[in-house]
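What follows is a short report on a single structure.
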Amino acid sequence: MLICLSLSSRFNWSELTPLGLWGRTLGLQTENSQFLLEGMPFRIFGGSMHYFRVPREYWEDRMLKMKACGLNTLTTYVPWNLHEKERGKFDFSQNLDLEAFLSLAAKNGLWVILRPGPYICSEWDLGGLPSWLLQDPEMQLRTTYKGFTEAVDAYFDHLMRVVVPLQASTTLCPPHGWGLTAQYKKGGPIIAVQVENEYGSYAKDPNYMTYVKMALLKRGIVELLMTSDNKNGLSFGLVEGALATVNFQKLEPGLLKYLDTVQRDQPKMVMEYWTGWFDNWGGPHYVFDADEMVTTVASVLKTGASINLYMFHGGTNFGFMNGALEADEYKSDVTSYDYDAVLTEAGDYTSKFFKLRQLFSVIIGHPLPLPPMIESKASYGAILLHQYISLWDVLPSLLQPIKSEFPVNMENLHLNDSTGQSFGYVLYETVIFGGGQLHTRNHVRDRAQVFVNTMYVGELDYNTVELFIPEGQGFRQLKLLVENRGRVNYGLALNEQRKGLIGDVFLNKTPLRNFKIYSLEMKPAFMKSLQQVSGWSSVPDYFVGPAFFRGRLWIEQQPQDTFLKLQASSGWEKGVVFVNGQNLGRYWKIGPQETLYLPGPWLKKGDNEIVIFEERTAGRIIQSVDIPYLGRTQYVD
């Protein structure tokens, strides 16, 4: 620790805050293997938190906990696929109000490293890229392919209008005609901007990183640029004029010195020190030993390097936004992004927090703010789902089918002002005569339930590509309810992430034709209409889905955070939960995750409506509990 202590004695860390240096001109610079902030030696003690994974009402609480841990910098990704859900329609409101988030960081004494992509990885659907890009059959994501760069340019034009005024430096002129505010003239919290993300692990186009860098510079980015890669991708992800940083969990001998082989006389920065790990459906809940984590952080800091904790607070993949892996096989990520991080999914302290706080307090050398009180969690008990309506009864009144001779993948459905469908389910319906062998030729993405009329026949996915259809008299309806379980967010298969039926499906070697296609994206407008539809009835003792179920949660006092538990032993199998119209995310009996996080701000005093879309078999009761259960644990190797 002596290196760290001697460095901290050169200045008072508490003065180097966005508001404390109001009116500054220099921003973050590099000189003689160290960072300078406003001309003073500075080290980045950062933590990652994503505004889009945390309810807006809790942003400040998490930031105050960062400060109490000893951190001085917040890092966040920016998800293109949320800010431009439909091509040409941009959203920076409510939980996507990036300007408010960054301004709040400044108010609470945190600098910001912004990671605007356009690709962000982050265990997020398609690495944050909007799925409508895949409407183009020739699309080459993360390259200088014209169709991609034109879309990035249009997005950056809007995004940078939000970002540029919040940079730290003030001496360079903004782009002509932008009408920037006084806040820009006085300096903002952004001290560095990352160019793309882990491109060295993709590296399909040698000109791409230069394109992204110039796209940032031309729109007024003047702060220090950085890249971020793991060791194997480090040398392939470089771009001239940007500081290379490294990502890892285990500190291999010589790893930080390896940075000197790609750039000399530059400060060393660990952009992602992985404090835990993410989970996949069907696997364990991964945890990373707190003592090992803190020991590694201490070792990094002893070298004089800067560090960013990924994640400080993980949050939640609300809705259908989880990503997926595709190595030996396809594995989708769970709803929780707890990550075994420094704070839990609900923002509570872990042992990692207090061990890190002790470490940073010694290094910084002055008292840290007191940790904020944690929010109480509520156990509201059993919730009865008293009504249901079958999906088959919903279709005629709420959904108009798209008619097509051939199957059409989700992204190319003529919906949402020709932007296609991004998430959820698609129902493909056609007419067959007789039975036989149904074969997908691996064209199901990602999982299909198969019905003849309304009788369940079986499932098709990556591993099961054939299914026997029983014989029957006359013409019958064959229905395939296909779920998009999440697009791959990392690796070389990004261009192949179209969902639904991506090609022909065959019955007895004959391709099926003449489909009615129903989009089940389950957007707020659809869920609101569902409340008014006729046909809801009492839940029977046993029912086989797919169907919607609804119940009420009555709250007498001020609402608090809680966790909803849908137990397989109570009959629940697989589906999605909505509370007051908010999509909490997916549940699945295969685990590991067994509870869904329900933030208190999404509840209200009095009556709260809970709607569950269950794909298969349903129970009648769910539990509201005050302790999460994320599954059987396994330590990260």
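Each residue, glycine too, has its Cβ placed from N, Cα and C.
What TrEMBL says about this protein:
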{"type": "ACT_SITE", "residues": "E198", "note": "active site, proton donor"}
{"type": "ACT_SITE", "residues": "E272", "note": "active site, nucleophile"}
{"type": "DOMAIN", "residues": "34-361", "note": "domain 'Glycoside hydrolase 35 catalytic'"}
{"type": "DOMAIN", "residues": "420-521", "note": "domain 'Beta-galactosidase 1-like first all-beta'"}
{"type": "DOMAIN", "residues": "546-608", "note": "domain 'Beta-galactosidase galactose-binding'"}
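If you take the Cα of the residue listed as 'active site, nucleophile' and the Cα of E198 (active site, proton donor), they are about 11 angstrom apart, rounded to a whole number.
Long-range C-beta contacts of E198 (active site, proton donor), restricted to its own chain and to partners at least six residues apart, with a cutoff below 8 Å, comprise C121, S228, D229, N230, G233, G237, N247, Y490.
If you average pLDDT over the domain 'Beta-galactosidase 1-like first all-beta' (420-521) in this model, you get 97. Of all Cβ atoms in the protein chains displayed, 25 besides its own lie within 10 Å of the Cβ of E272 (active site, nucleophile).
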